[in-house]
């Protein structure tokens with residue numbers, strides 16, 4: 001009997017359950033998508049190709065931790081939605097008790113209804129989640145240029161199990177809440193719940209104007225601090241900036257109750273048209289009690305927009321960064337502390353270790369880089385403090401070796417006139433060398449003196465490296481080999497090259513295997529123990545970069561969507577609750593001659609204002625925040641504003657728009673029940 005009644009109640013009240021179902025639906029969908037990441041093509045590529053760090057495992061573990069926080073947020077949200085439903089149905093529950101049902105039977109009835117809605121939302125959310133998992137897989141694969149040989153439908157039983165487990169716990173919590181609510185209610189309170197209403201108060205217009213101006217000043221100060229100091233200086237002033245921004249947002253919404261009303265009252269035609277007078281006074285009165293929640297919603301929207309936009313935008317820099325830091329397929333570096341090795345010995349030892357370069361590499365070069373202590377012909381003033389340098393510690397390479405590296409990249413060679421030197425700027429800032437170069441400083445090496453050759457300079461990486469490459473001097477051939485040990489502080493031997501296209505994977509595996517055995521071979525060909533080895537490959541750097549950016553992308557999308565759903569759901573439930581409170585007022589409007597179309601329009605305008613105002617201010621906040629974030633991201637790449645804006649706008653349109661439309665329909669249905 002109770003089962004039939006529960007099913008009939010769900011069918012009869014399906015519109016009342018729309019927002020509750022929507023919240024569960026979005027929650028299940030997002031939860032499944034981000035708890036089935038281990039099946040993603042990109043994650044598989046990370047697991048198969050990452051050699052030093054388990055990025056895929058780290059991402060999955062971090063997502064698991066974040067999922068606990070997300071579950072807590074969704075539990076609060078679902079309980080909040082459930083509270084609204086119970087408030088709407090108190091009179092109905094009272095009638096059940098009046099007709100002779102026991103409280104445990106009413107609680108069991110609510111249990112069955114929650115179970116039906118929960119199972120329906122779980123099933124629908126999982127279906128959409130599985131489909132969106134394919135979309136996310138294709139999106140990330142295209143983002144990181146992972147080649148997928150053939151389409152494979154992705155499905156994760158582990159993701160289904162996690163989703164069912166977490167949401168099963170939330171449903172049990174909701175059922176317990178319903179049982180306690182019914183047990184604590186008295187029959188008379190349930191039957192008279194519709195008669196209770198909230199007292200509405202309007203605030204002073206003067207106070208509202210002062211608060212509005214103060215909010216603009218506080219927000220302006222917060223914006224100025226953020227743009228001037230950036231995001232990385234986390235100190236007391238940073239905390240002050242957050243406080244100023246929060247207070248400015250709070251005062252902004254607090255001031256709207258009187259300021260917005262006075263602003264529209266100056267335009268009589270607009271103010272007196274249709275039910276605008278009623279709408280504005282109702283909305284202004286509501287802000288006096290809801291400004292706190294609107295502030296929280298605005299800040300949640302700021303987090304949603306900022307996190308989503310930055311996570312998507314920064315990931316578009318992956319390919320640029322890899323091309324910048326890894327122009328060649330591989331670079332093996334031997335740090336020769338005592339200058340005991342030669343390029344020939346280095347190459348022979350690598351071949352003996354199981355990686356003959358001529359077999360695995362289409363093209364390669366063995367070159368030498370020196371670290372020099374160079375006395376300056378004339379002292380040079382450097383920097384704003386104008387300190388004087390009499391000698392510098394810098395890297396240097398012969399012109400022919402550097403041109404050999406350029407040839408591997410397909411770049412044009414550099415040339416030097418007699419008595420001149422060039423410079424390779426690398427990927428790291430070199431303030432001292434830039435000062436020397438700009439000032440035309442001469443350097444003395446051995447018996448010769450050299451001046452800068454303006455045409456012999458080049459920006460960018462000259463080999464593959466996992467860290468920024470320092471600038472280095474380019475000197476004529478034969479100069480570096482004649483320098484004494486006082487000038488040559490240290491020497492580095494490099495073997496750099498590109499794999500044969502038909503054997504990239506095999507060559508990569510062979511090289512890493514040989515690098516593990518190379519130290520023993522070097523001990524055999526030389527008595528020296530003063531050396532260090534470092535291997536960097538394009539694939540390894542790409543996987544390291546991809547792992548970091550995937551972590552940013554997945555966490556950003558996960559948290560961004562959850563914050564967006566939370567914000568929209570809170571606003572929607574508030575508006576539906578207020579529509580129920582305004583029912584008596586709409587009855588009076590109907591008696592005064594306001595037709596259904598005018599009443600619906602007034603309800604839609606109130607919902608629009610409630611959704612639009614927090615979103616508008618959040619967009620302003622996010623625009624300033626994105627400017628500050630871009631300054632940080634610029635150190636490793638650039639923020640793709642187009643991609644991040646389009647992706648964020650799409651999420652807002654889908655999630656926020658769905659809640660807005662559902663709220664408009666729900667509010668209309670409530671006020672039509674006259």
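Including glycine, each Cβ sits where the backbone N, Cα and C put it.
Please treat TrEMBL annotations as automatic predictions, because they have not gone through curation.
What TrEMBL says about this protein:
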TRANSMEM  17-35  transmembrane segment
TRANSMEM  55-85  transmembrane segment
DOMAIN    66-184  domain 'ABC3 transporter permease C-terminal'
TRANSMEM  106-139  transmembrane segment
TRANSMEM  164-183  transmembrane segment
TRANSMEM  204-225  transmembrane segment
TRANSMEM  237-264  transmembrane segment
TRANSMEM  291-314  transmembrane segment
TRANSMEM  550-573  transmembrane segment
TRANSMEM  607-629  transmembrane segment
TRANSMEM  641-662  transmembrane segment
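Listed by sequence, the residues of this chain that lie at least six past the ends of the transmembrane segment (106-139) yet keep a Cβ under 8 A from its Cβ atoms are 2-3, 5-7, 9-10, 17, 20-21, 24-33, 36, 39-42, 82, 86, 93, 96-97, 153-156, 159-160, 163-164, 167, 171, 174-175, 178-179, 182-183, 557. Take the transmembrane segment (607-629) and the stretches 17-35, 164-183, 204-225, 237-264, 291-314: counting Cβ pairs under 8 Å, 291-314 has the most. The domain 'ABC3 transporter permease C-terminal' (66-184): residue composition by secondary structure is 101 helix, 0 strand, 18 coil, according to DSSP.
The stretches the transmembrane segment (641-662) and the transmembrane segment (237-264) are not in mutual contact, being linked by fewer than three Cβ pairs under 8 Å (pairs 6 or more apart in sequence).
In this chain, the transmembrane segment (237-264) lies out of contact with the transmembrane segment (17-35); the count of Cβ pairs under 8 Å, excluding pairs fewer than 6 apart in sequence, is fewer than 3. Contact counts against the transmembrane segment (550-573), taken as Cβ pairs under 8 Å, peak for 55-85 among the stretches 55-85, 204-225, 237-264. Counting Cβ pairs closer than 8 Å to the transmembrane segment (204-225), the top stretch among 164-183, 237-264, 291-314 is 237-264.
Model confidence over the domain 'ABC3 transporter permease C-terminal' (66-184) stands at 78, taken as the mean pLDDT rounded to a whole number.
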